Amino acid sequence: MPGKRSTYTQFILVAAIYFCASASYLIVNGIGGGGLKDPSIAAQSNLIANIVSLVTGLFAGAFHNYLGPRISLLLGCIAYLFFGFSYLIYGWTNFKYIIYIAGAFFGLIITLFWTAQGSLMLSYPTEEHRSKYLTTFFVAFSASGAVGGILTFSLNFNNTGLSLGTATYWAAIAVAGLGVALVFLLRPNSALIRDDGTSVPEEKFQGWLVEVRGLSDTLRNRHILMLIPLFMFLGTYFTYITNCYNLSLFRIRTRGLNVIFFSVFGTIGSLAFGLFMRKCKLPTRQKGLLATLIFTTLICASWISAYFVQRPVKRGHTGEVVDFEQPYYWSIIIIYCIWGFLDSSLNAFGFWILGYLTNDTQKQARYTAFTRFLQSTGGVLSWGIDSAQIPYILELWVTFTFLILAMVSAATTITSIKFPKDTDSMETNSMDLSLEEETKYPSAKVQTEKTNYGV
């Protein structure tokens, strides 16, 4: 259609924005400790960010619906830019509170930023193309880590110290700045067309009272409540992976190389998940349960193996660390590669489940915001545990337990959702839901032809 941009083309641009933001963050945080001699500063900053995000996260969906996705994305990219710049300022001044201030601002904006991502990823595609969009995003997201790792590795190849060089932080700032610029290339929904030729709904903000009621409905949705352990505990594992395993075992340049491996296998995980969901001929429910079983097996294998690697290294260890030139390195990096595979595929899996709960774009924003609130809760929990300086082994087992509970949550929710091919009464369910919504929000126009699965 003349003058129209396809939603997939627009979404590639969205993925590029998140690529820049994530790469900037991982350049600083991916190697553990923010690349500082004192890793507790970065841990406390991340704790502050997650606490602030926890407080604001419940309302991020409402603010996203008010501001719109483009402004939400712009504010998020600015937060990433300031986050990277704060570490540079600290290097100049030794004023650690600038990192804490940046962490607080980051937490204030980050849920809004990721709410925009989830809303666009779920609202742009039609049902049959959703896995393509999920795969596209998480491939870009994983590739951002590879680029971040390459920059960290190359800029610190000859670095024998305990902290990153100044050039590394400048690289993070430059990448985040590119993300800010890309936001201005986005078009409004009115200028977009979906893969099947239909227009993207131009949702108008319906007022704060509707948003408050929408939040209340989100908190009473039984499937959202069932997903609480999944999304909350998906916000916990990054802390142990970066601030314990990667930080305590490896030389600083090797930590950058680890980020590359983590991200490359994250890309493989994204592609594998998308391929599995498209090609597997099992019914939707059985396909989801099989994915849960595969994830659980990989989690058990990798975390139990990590126990034997981590056990000899205590917190505060000042002895010899592993470099990639040592043969031993290539046996223990396998664990990190599996974690990279799980990182992207598990997050894609969470959104795959979420996509079956509703097709309403404003609901999708609220649901996504709530899941980000849950991940911030998990972040507060995990960074709080890490800041308490508990033994690495205890932190490992706590995180492992969280992930197993997350898989139980996923399996339970998948079992209870009414997937399209599992019932013949979807039109009735959708009509009943629409009538209920018209009663609650008489001013809102409800499209009864939309299918809202399992709500």
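If you go along the chain as it appears here, the first residue is 1 and each next one adds 1.
Yeah, the Cβs are placed from backbone N, Cα and C, and that goes for glycine too.
Worth saying up front: this structure is predicted, and the values here are computed from it rather than measured.
As annotated by TrEMBL, compositional bias 'Polar residues' applies to 445-455.
The region 'Disordered' annotation in TrEMBL covers 436-455.
The transmembrane segment annotation in TrEMBL covers 7-27 (among others).
Same-chain residues lying 6+ beyond the ends of the transmembrane segment (47-66) with a Cβ under 8 Å from its Cβ atoms: 72, 100, 103-104, 106-108, 110-112, 115-116, 119, 203, 205-206, 208, 211-212, 214-215, 218, 235, 362, 365-370, 372-373, 376-377, 379-380, 383-384, 387. According to TrEMBL, the feature transmembrane segment maps to 47-66 (among others).
Long-range contacts of the transmembrane segment (73-92) within its own chain (CB-CB distance under 8 A, at least 6 residues past either end) are made by residues 14, 17, 20-21, 24-25, 27-28, 34-36, 41, 67, 98-99, 101-103, 105-106, 108-110, 112-114, 116, 166, 169-170, 172-173, 176-177, 179-180, 183, 186. Annotated transmembrane segment per TrEMBL: 73-92 (among others), in sequence order.
According to TrEMBL, the feature transmembrane segment maps to 98-122 (among others).
Residues annotated as transmembrane segment in TrEMBL: 134-155 (among others).
Positions annotated as transmembrane segment by TrEMBL: 167-186 (among others).
If you look up TrEMBL, you'll see 223-240 (among others) marked as transmembrane segment.
Residues or ranges marked as transmembrane segment in TrEMBL: 260-277 (among others).
As annotated by TrEMBL, transmembrane segment applies to 289-308 (among others).
Look at TrEMBL and you will find 328-357 (among others) tagged as transmembrane segment. Through the fold, the transmembrane segment (328-357) approaches residues 118, 121-122, 130-131, 134-135, 137-139, 141-142, 145, 221, 223-224, 227, 230-231, 234, 237-238, 241, 245-246, 249-250, 254, 258, 261-270, 272-274, 277, 284, 288, 291-292, 295, 298-299, 301-302, 305-306, 309, 322, 363-364, 367-368, 371, 406, 410, 413-414, 417, 419, 452-455 of its own chain, all at least 6 residues removed from its boundaries and within a Cβ separation under 8 Å.
Under the heading transmembrane segment, TrEMBL lists 397-417 (among others).
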Closest-packing stretch to the transmembrane segment (167-186), where packing means Cβ pairs under 8 Å, from 7-27, 98-122, 223-240, 260-277, 397-417: 7-27
Intrachain neighbours beyond the transmembrane segment (223-240), with Cβ under 8 angstroms and 6 or more residues off its ends: 46, 50, 339, 343, 346-347, 350, 353-354, 357, 367, 370-371, 374-379, 381-383, 385-386, 395-396, 399, 402-403, 405-410, 412-413, 416-417, 454-455
Interface-richest range of 98-122, 134-155, 260-277, 289-308, 397-417 toward the transmembrane segment (7-27), CB pairs under 8 Å: 134-155
